[in-house]
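The structure appears below as C-alpha cells.
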C-alpha cells in the first residue's frame with residue numbers, strides 16, 4: 001500500500017488538525033524512506049526498463065551509475081556536435097550527462113564525491129633516456145589505486161604537495177596538460193577558420209569549455225564568484241588565442257587569411273597575433289609540458305582585471321607548484337644540468353614578462369610581443385561582433 005500518497009490525499013481532501021510543519025515532516029520522511037520502482041521509460045536513454053528515483057530524477061540503473069561515476073570522479077565530457085547528438089547513449093557521453101541534468105533533473109549535489117585518499121604514482125618515472133616520448137611520459141600521470149609502502153617513496157617526492165590546493169605538484173601540472181592535449185586533438189584554432197561565423201562558433205565553444213573547466217580548477221573553491229568570472233575570461237582568452245597559436249605551430253599548419261570572408265578587425269588581429277606570438281612560440285619550441293606550464297602562468301598572472309588577495313594567493317600557489325613540477329620533469333627526462341634548467345625556465349618566464357609589457361609603441365616595435373594590446377583589441381573585437389565578454 002502506498003502509505004505516503006494515501007496519507008497525503010486524505011490530509012488534502014478531508015483536512016487535518018496537524019499543522020503544516022507536521023505534515024511536511026511526515027511527507028519528507030515518506031520521501032526519504034519510499035522505494036519507488038516501476039516499469040517505464042528512462043528520461044535519459046529512452047529505454048523501456050525498470051526506473052527508479054536516483055539523485056533527483058527517475059532513471060534506469062545504468063544512467064544512474066553513469067551519472068554517479070561522472071560526478072564523483074569529476075569527469076568532464078565534451079561533445080563535437082555542440083551537445084545536440086541524437087544517439088546519446090551509444091555515442092556521446094557529454095549529451096548523455098547533459099540529459100541527466102536538464103531532462104531528468106538529476107542533481108550533482110546529491111552525489112557523494114570520492115574521498116581524496118587515493119594514492120597516486122609518482123609524477124615522473126626514473127628514466128633519463130633521451131628518446132622517451134611525451135606520450136610515454138604522460139602515462140606516469142595515471143592514478144594508481146595501490147598503496148605503495150613508505151620504502152618505495154623517494155626523498156625528493158616528499159614535500160611536493162600543496163596544502164592549499166590539496167594536490168601534488170605533479171597533478172596540478174597534469175591538470176593543465178590535459179587541457180592542452182584536448183585542444184591539440186581538436187585542432188581547431190583561430191588560424192584555421194575561414195569566416196567570421198567560424199570564429200564566433202570557436203569563441204562560444206571555448207567559452208563553454210572555460211565555464212566547465214573553472215569549476216574544477218584546483219583551489220577555485222577558495223575564491224568568490226566575481227573572481228571566478230575573471231578567471232573564466234583569462235582561461236577563454238588563453239584557449240582561443242595562446243593555445244590556438246601553439247597548436248597551429250605544433251601541427252605545422254599553413255593557412256592564409258587573404259580573401260577570407262571575415263571581419264576586417266578580426267583579420268587584422270589574427271595577423272598581429274601571427275606576427276608576434278606565433279614567432280615567439282616558434283623560437284622557443286615549447287613541448288607540451290612547457291607550454292602547459294606557460295599557460296598556467298598566463299592564466300594566473302592577473303593583470304588585466306582587479307582581483308582579490310585570495311585569488312592572488314591561489315595564483316602564486318599555482319605558479320610555485322607548476323614550476324616545481326616542470327623542474328622535476330627536466331631533471332627526470334632530460335640530460336639538462338641545473339644551470340641549463342634555470343636558463344630554460346628563465347626563457348619561459350621572460351616570454352611571460354613580454355606578454356604583460358604595459359607600455360610598448362606598436363608603431364616602432366610592431367614585432368615585439370604585447371599581450372596587453374592583444375587583450376584590449378580582443379575585447380573591442382568581441383563588442384564589435386556582439387560577443388559577450
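Positions of Cβ are set from backbone N, Cα and C atoms, glycine also.
Here Swiss-Prot flags 39-113 as DNA-binding region, drawing on sequence analysis. Residues or ranges marked as zinc finger by Swiss-Prot: 42-63, 79-95. Among the features that Swiss-Prot reports, domain 'NR LBD' is placed at 157-388.
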Mean of pLDDT values spanning the domain 'NR LBD' (157-388):
77
Using DSSP, tally how many residues of the zinc finger (42-63) sit in helix, strand and coil.
3 helix, 11 strand, 8 coil
